[in-house]
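Student: Below you will find the structure I want to go over with you.
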Amino acid sequence: MNTIKYSQHLFTALSAAGKAGRAILEVYYTDFAVEHKDDTSPLTLADKHSHEVITKDLKTLTTGNNSGNANAVSSLPVLSEEGKEIPYTERRYWESFWLVDPLDGTKEFIKRNGEFTVNIALIHKNRPVLGCIYVPVKDVLYFACEGLGAYRRENNQGIANVLSLKELVDSSERLPSRHTHKKNVENNRSPDEDGIHLTVIGSRSHPSEQFAKFVESLRGEGRKIEIISAGSSLKFCLLAEGKADIYPRFGPTMEWDTAAGQAIVEQSNGKIMDAETNMPLKYNKENLVNPFFIGRGENSPFPPITGQ
């Protein structure tokens, strides 16, 4: 696969994410009260509606082939948090597939703070090569494609009218956003580049003792730390934008929680690394639970991982 082949997959993912986001908002803006997810809750309804919209669009993606047939239906499978469980004996042979979280940030949905997302990633040979994160409440879209870079786009109602990859890129903001890098007023330089000032982003709904220890270990090295919080996959987006330097995650996550975000961070010149091996997270494992990981933005000094 290459950028040209990815382009049709990218447009399909962006369209599916937008439709799914609108389906979620139809539930979100109703008068509901829910504290947990069950089979009849509005949260479950929003999750299922989003899943159905996404899988329908992804499975009906049309791509050309060597025979010149422009209507050949894509055979890429879809692995979704809300879909049926697919055994590893079947998945292990997948070279490429879609990995989807139709509603990431259930606690944010319940709290009505708007920090929930739709996550769609394309996995190729165990790596996320395309990622799309849509924030329905803000109508903000983050996307990335290997060889293309990472981007942020607002006001996505008209995205169906975008006809080319060039038009899509030209109407979006390349990440990391240069204007978001923090500036030291006294010397007009980016303080995070000196390895002293760091913005660490953590989970709004899933704090951990290990996160606190990690932050203290950085302070023990003489670093000045600012802590910010966000829900769902927005933490990856802030990392990609340059609004955060490090995202340490010492709690359980699933592959569909991280794949789209990893693609976006990596294409913005950042890294998402296994906290133990210091290697990029891999996908389509037999066990879909991720290891603990450290995300680093483009200007992160990549400090040693200590104090866990």
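Backbone N, Cα and C define each Cβ position, glycine as well.
What TrEMBL says about a protein is an automatic prediction, not a curated fact.
Bear in mind that the values here come from a model prediction, so they are computed numbers and not experimental data.
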Student: Look at the substrate binding annotation in TrEMBL, where LEU103, ASP104, GLY105, THR106, ASP257 are given, and name the residue from GLU81, GLU85, GLU276 listed for that site too.
Tutor: GLU81
Student: Give me the count of other Cβ atoms within 10 A of the Cβ belonging to GLU81 (Mg(2+) 1 binding site).
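Tutor: Step by step: centre on the Cβ of GLU81 (Mg(2+) 1 binding site), count other Cβ atoms within 10 Å, giving 18.
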Student: If the Mg(2+) 2 site is taken as the center of the Cβ atoms of ASP101, ASP104, ASP257, which further residues of that chain fall within 8 Å of it by their Cβ?
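Tutor: Neighbours within 8 Å of the Cβ centroid, excluding ASP101, ASP104, ASP257: GLU81, LEU103, GLY105, THR117, ASN119, SER232, SER233, THR253, MET254, TRP256, THR258, ALA260.
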Student: ASP257 (Mg(2+) 1 binding site) to GLY105 (substrate binding site): how many Å between their Cα atoms?
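Tutor: Cα of ASP257 (Mg(2+) 1 binding site) to Cα of GLY105 (substrate binding site) measures 9 Å after rounding.
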Student: In DSSP terms, helix, strand or coil for GLY105 (substrate binding site)?
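Tutor: In three-state terms, GLY105 (substrate binding site) counts as coil.
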Student: Taking 10 A as the limit, how many CB atoms besides its own sit near the CB of ASP104 (Mg(2+) 1 binding site)?
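Tutor: A 10 Å sphere around the Cβ of ASP104 (Mg(2+) 1 binding site) contains 27 other Cβ atoms.
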Student: Long-range same-chain neighbours of LEU103 (Mg(2+) 1 binding site), Cβ under 8 Å, sequence gap at least 6?
Tutor: ILE24, LEU43, ALA46, ASP47, SER50, GLU82, PHE109, PHE116, THR117, VAL118
Student: Just counting, how many other CB atoms are there within 10 A of the CB of THR106 (substrate binding site)?
Tutor: 20
